Amino acid sequence: MSVAVGIPYVCFFIILSVVGIIGNVIVIYAIAGDRNMRKSVMNILLLNLAVADLANLIFTIPEWIPPVFFGSTDWLFPSFLCPVCRYLECVFLFASISTQMIVCIERYIAIVLPMQARQLCSRRNVLITVLVDWIFVACFASPYAVWHSVKTKDRNTNSLRFKLFQLSATCSNTVGKSTWWQGYKLTEFLAFYFVPCFIITVVYTKVAKCLWCKDPTLQCETRSCLDNKSSSRSSDALRTRRNVVKMLIACVAVYFVCYSPIQVIFLSKAVLNVTIHPPYDFILLMNALAMTCSASNPLLYTLFSQKFRRRLRDVLYCPSDVENETKTYYSINNTSIVGPRASFN
C-alpha cells in the first residue's frame, strides 16, 4: 500500500476509533451515571449496546494496526492474544447485532402492543434476555478461540521492518476452508446478518406504519376536535414519533450499508464458490465500514434524540445537577408517566 493511500487510511481508522470509543463511553456514563435513566428498560438495552460497541472497537484495534500502518497482516502482539482478541472481537460484534434486534422487538411491543408492554418488557425480563443473549454469543463465537492461532511465515529477516517489529507471523484460522468451518460461517451469516436484517426491516416497517398511519392522535393535530392543550400535546407526540421513525430508519440503513458489502463477498466466495480477489485496500474499506456501525450509534442518538442531547449537556457541563432533577418520562405511545424516569426516546 502506497504512502499516498496509506496516510488517509491511517487518519480514517484513528478518527473512527477515537470518535467511536469516546462516543460510546459518553453513552455508558450518561446512562450508568444517572439513577433515573437506569430505571428505563430502553436505556438498559442502549447501555448494553454501547458496552458491546465500545468493546468491539477496542478489540478490533489489533486487527487494523498492522495492515493500516505496515501494509501487511502481520501479528504485532503476543501469540496468546491472537485467539483471545479474535474471539472477543466476534463476541462483542455478535452481542451488538443481537442487541439491536432485541431493541427493535422491544420497540415493537411498546408501540404496537402497548397493553402487553408492561408485562413482556419488564425490567426483569429484559435483564434475563440480555444475560441469555451474552451467554449465547459467547458460546457461538467459541470456534474463533479454538481454531485461531499465530502462524509463522517465511520473511526476509534482513529487512528493516522485521528488525524493528519482528513481523514474521499472522493471526489466522487453523482449519482453512474445511467443510465444517464453511458450514459454521454460513450459520454465522444467517444468524447475525440475514435473520437480523430481515427481522429489523419487517418489525421497524410495522412500527413506522403504526406511528404514521394507524394512530388517530397523529391525524388530529390540526382538527378542531382538540382543544389547545390537547393539540399541543398531539403536536409534541407527532414530532417525537417522527424523530423515532427517522432514528429507526437510520439504524437500519447504517446496519445494511456497514455489513452488506463484506457479507456479499463472503457469500460469493464461501457459498457460491465465486473466485473473487478484491484489492487489499477494498478489504480495509469493508472493515472500516463494519467498525463504523459500532461508532455511529452515539451520533445517531445525538442527532435524533432531544433527551439525549439534554443529558449530554448535563454530563459535559453540569454533572452534579443531574441527580437533583426530577424528570418526566414520555413513552413512545404519547402516554406520560410522571416520575423520576428518563429515556433517550
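From the backbone N, Cα and C atoms, a Cβ is placed for every residue, glycine too.
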Tell me whether PRO66 and LYS269 fall on the same side of the membrane, as recorded in Swiss-Prot.
yes
CYS82: disulphide-linked cysteine among CYS171, CYS197, CYS210 [source: Swiss-Prot]:
CYS171
Should the transmembrane segment (12-32) and the transmembrane segment (247-267) be scored as in contact, given a threshold of at least 3 Cβ pairs under 8 Å and pairs 6 or more apart?
no
What is the Cβ neighbour count of CYS82 (disulfide bond) at a 10 Å cut-off, with all protein chains included?
21
Positions on the same chain near the transmembrane segment (41-61), where near means CB under 8 A and six or more residues out:
17, 20-21, 24-25, 27-28, 31-32, 85, 88-89, 92-93, 95-96, 99-100, 102-103, 106-107, 110, 121-123, 126-127, 130, 287, 291, 294-295, 297-298, 301, 342-345
Of 91-111, 188-208, 282-304, whichever stretch has the most CB pairs under 8 A to the transmembrane segment (126-146):
91-111
For the topological domain 'Extracellular' (147-187), what is the mean per-residue pLDDT, to the nearest integer?
72
Suppose we draw a 10 Å sphere around the Cβ of CYS171 (disulfide bond). How many other Cβ atoms does it contain, all chains included?
22
